[in-house]
Amino acid sequence: MHLQLGDNQPWLPPNPSDLFSSTNVVKICAPMVRYSKLAFRHLVRRYGCDLCYTPMIVAADFIKSAKARDSEFTTNQGDQPLVVQFAAKDARVLADAALLVCPFAGGIDLNCGCPQRWVMSEGYGACLINQPQLVSDMVKQVRSQVENERFCVSIKIRIHADIARTVDLCQKAEAAGVSWITVHGRLSEERHQPVHYDAIKVIKDSVSIPVVANGDIKSLKEAENIHQITGADGVMAARGLLANPAMFAGYEETPMACIQDWVDIALEHGTPFTCFHHHLMYMMERITSKQEKRVFNVLSSTSAVLDYLRDSYGV
């Protein structure tokens, strides 16, 4: 684990739950494999994002291997409030992983929503929505092992076809002490079908803890509409923020200033080229022609990308 704190002052990460006490809808950057790393989190925080998640980390590997800890988790004091997302299926393992990150983050999230085959075949992700007792046990174990009472434990779920089963899961998780629940409003087998916002509203109406709506949020206006429809306390975006990291600040497409910020932040953090380039490909998707994409997407070095941006856009 890399913590770039700059000094050795005793320091407590801020509590993400405090965000939900305001009347404003909380704007959240989703856990995205490969993409929601430290440099990108810094970028979206500059543009109105209130809370960021790390990419999903497999808790068992994280505990066992210092190498996994170093490659998977980097943070600093500017990277707050922060939630670390884990894939786990064992209460003790999740609690041990939570203990490792609790000095550096405001909370952990248990992934109960990832529908990828390998994740589910390992017993992680979306298959946990069918095991409410196990989810409750995991939440309770983290609560009992982490001494900091302000440390948050959240879960991110998908929904069942029978919404009563999802409500039961959420109520059990609430009773176990979960801080908030993020609901991706699709079934495990759904990919690009419309999001069931009505289901998120049913869940919101059936628990007394905060609920975050997730799924297909591509603009600030959409975020506000979904907040109105569902009553959710927060909105979480993934692909919408990849395409436009300034979305929560109200921009309809990525402004040049944001592209400049990404270049500066990525270079400062030593972001690997592939990640640096991929983020730019997403950000420039809506503002470049087919011809420009053909040229830009095959560039193969940081210097080539920097030259292109300077010559074409004055960045």
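Each position is counted from 1, following the chain as shown.
Backbone N, Cα and C atoms are what each Cβ position is placed from, and that goes for glycine too.
Just so you know, TrEMBL annotations never went through curation; they're auto-generated.
As recorded in TrEMBL:
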- 29-291: domain 'DUS-like FMN-binding' (DOMAIN)
- Pro31, Met32, Val33, Gln85, His184, Ala238, Arg239: FMN binding site (BINDING)
- Cys114: active site, proton donor (ACT_SITE)
Per-residue Cβ crowding (10 Å cut-off), top of binding-site residues His184, Arg239:
His184
Any idea what the Cα distance is from His184 (FMN binding site) over to the residue listed as 'active site, proton donor', rounded to a whole Å?
10
If one measures from the C-alpha of Arg239 (FMN binding site) to the C-alpha of Cys114 (active site, proton donor), what distance in angstrom results, rounded to a whole number?
15
Cβ neighbours within the same chain of the residue listed as 'active site, proton donor' - under 8 Å, at least six residues apart:
Met56, Ala87, Met120, Tyr124, Gly125, Ala126
In the chain carrying Val33 (FMN binding site), residues 6 or more apart in sequence that have Cβ under 8 angstroms from it:
Pro55, Met56
Other CB atoms, at most 10 A from the CB of Gln85 (FMN binding site):
24
Local Cβ density at Met32 (FMN binding site) - other Cβ atoms counted within 10 Å:
19
Only counting partners 6 or more residues apart, tell me which same-chain residues put their Cβ under 8 Å from the Cβ of Pro31 (FMN binding site).
Tyr53, Thr54, Pro55, Met56, Gln85, Asp109, Asn111, Lys156
Find the longest CA to CA distance in the recorded FMN-binding set Pro31, Met32, Val33, Gln85, His184, Ala238, Arg239; express it in Å as a whole number.
17
Mean pLDDT for the domain 'DUS-like FMN-binding' (29-291), rounded to an integer?
97
Do any residues at least six apart in sequence from Ala238 (FMN binding site), in the same chain, have a Cβ closer than 8 Å to its Cβ, and if so which, in order?
Cys29, Ala30, Met32, Asn214
